[in-house]
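*Asks:* Just dropping this structure here.
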């Protein structure tokens, strides 16, 4: 696969291969047939990063071939959203003509939304001065005149310059409601917005008859917490990254949701708090014992859940587990299978044309 050509004719085959692979991995745990959620065959990725190559008077985006490590010039990138593709061309044309903006520019990061907003970060191997800021403002205004709803950011060593602000707001149609999600530059967001909608709607569906409260670990900007709030009395969610916590708090207010509480701590710290091993000032004013959490939601990093967190989640009647790495999910299921059974399984094709799989399982306590 080259950056400018996607093997769209092979989309169905690669999806069928992933489905078979996931089903085989889950068969030792008596999993039901997987529900399959497709991605758009192209223009599905809402963010992209490119190195910038200087060749005398020319300047262009590049990527590196994963096998040969050779650089590849990138004019169009069908993996990324149409909005990013449009901006790539317009932005590079403008920068190419301005020496102050192109000098020691080595990378450009793009973030886009289904709501039509864009954020571009220009990364430099040099200090950014007032002259750079003036030219960057002119560039931003020029691109806005071309119809781009754009935020522009400059980065250099220990420097971050925001011309306006460092976020854009996404609006996702989720199970009959428009959900607003603030997305902060350089913070995690789901890369495939269409598949993210599938994940949110599946999570809502599998918990529609849930009772009590929901506990979520690793909540990020509140992506799942806010969508799932409609199915629960209250939601208690943890997140460690400050920008994500701030975005989550904004999203709670923007969506007029009054039953979600975000606390800034790691899953490991929360486990210690629940077990009474440590006390945390961050939990002052929050009575953990008042929550009747019958469902726990986890969307861990690729490494999966650590042993202590596995023990923590086993205490809950229902576990909703979204995994970006089925191998570590299976490792966790080796322990979870003794207390819970898989009642729903889903494959989300978040990363088409790669071996990566995103999946979800609903686990329910054995009788």
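Using the three backbone atoms N, Cα and C, a Cβ is placed for every residue, glycine included.
Since the structure is predicted, the reported quantities are computational estimates derived from the model, not experimental observations.
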*Asks:* For the S-adenosyl-L-methionine site that Swiss-Prot assigns to 190, 218, 223, 239, which of 129, 141, 299, 306 is also named?
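*Replies:* The one candidate that Swiss-Prot places in that S-adenosyl-L-methionine site: 299.
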*Asks:* Rank the recorded positions 239, 299, 358 by how many other Cβ atoms lie within 10 Å of each Cβ and give me the one with the fewest.
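*Replies:* Each of the recorded positions 239, 299, 358 was scored; lowest Cβ tally within 10 Å is 299.
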*Asks:* How many whole Å apart are the CA atoms of residue 218 (S-adenosyl-L-methionine binding site) and residue 324 (active site, nucleophile)?
*Replies:* 13
*Asks:* Could you check which of the recorded positions 190, 223, 239, 299, 358 is the closest Cα neighbour of residue 324 (active site, nucleophile)?
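*Replies:* Comparing Cα positions, the candidate nearest residue 324 (active site, nucleophile) turns out to be 358.
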*Asks:* Residue 223 (S-adenosyl-L-methionine binding site) to residue 358 (active site, proton acceptor): how many Å between their Cα atoms?
*Replies:* 16
*Asks:* S-adenosyl-L-methionine site residues 190, 218, 223, 239, 299: biggest Cα-Cα distance, Å?
*Replies:* 16
*Asks:* Looking only at C-alpha atoms, tell me how far residue 299 (S-adenosyl-L-methionine binding site) is from residue 358 (active site, proton acceptor), rounded to the nearest Å.
*Replies:* 10
